[in-house]
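Colleague: Checked TrEMBL, it gives:
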DOMAIN    1-164  domain 'Kinesin motor'
BINDING   GLY38, PRO39, THR40, GLY41, ALA42, GLY43, LYS44, THR45  ATP binding site
Amino acid sequence: FDVFHGEQTTQQEVFLSSVKPILPHILNGQNASVFAYGPTGAGKTHTMLGTAEQPGVIPRAVREVFNLVSAKDENEGWDYSIGMSYLEIYNEKVLDLLSPSSQDLPIREDKDKNILIPGLTHTTLSSFSDFDKQFVPATLNRTTASTKLNQRSSRSHAILLIKV
């Protein structure tokens, strides 16, 4: 892994040191991943989501992607589109957080070894506000349960896919 952040590290420090440097690469067609790992109660969900006052990695990264796209010179010959899909894996089931009534979705691999999830909702975003209006309610669809360490612990692995 790339870095360890202690409990005194701010949301801004995590974003600036671990996430912002990789974001320009996605406008060049490269993939980028941010993965939070740790035991229950370590703050993974808080680091990724944050609060309205202190946004986490995800809202900061999506805002930065919109900033990068809007800063691009239109004369470069590229037209950018930004979209998202949001899923959780819980008890070996893949659930679409943007369409909570959906059932367990299959995971497939195509002949080129690309991972596909047929039926997963993909929605186009025109602004950060668009993202926020869909992401916040979808996050509430995540599976949670009580643990000995946390009253309302995320019990699933959530994956947000931003496609540029």
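Numbering starts at 1 and runs along the chain as it is shown here.
Placed from the backbone N, Cα and C atoms, the Cβ positions cover glycine too.
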Colleague: Select the most exposed residue of PRO39, GLY43, where exposure means the fewest other Cβ atoms within 10 Å, treating these as the binding-site residues.
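Modeller: Across PRO39, GLY43, these binding-site residues, the one with fewest Cβ atoms within 10 Å is PRO39.
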Colleague: What's the most sparsely packed of the binding-site residues THR40, THR45, counting other C-beta atoms within 10 A?
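Modeller: Result for the binding-site residues THR40, THR45: minimum number of other Cβ atoms within 10 Å at THR40.
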Colleague: Just how many other Cβ atoms lie inside 10 Å of the Cβ on GLY41 (ATP binding site)?
Modeller: 12
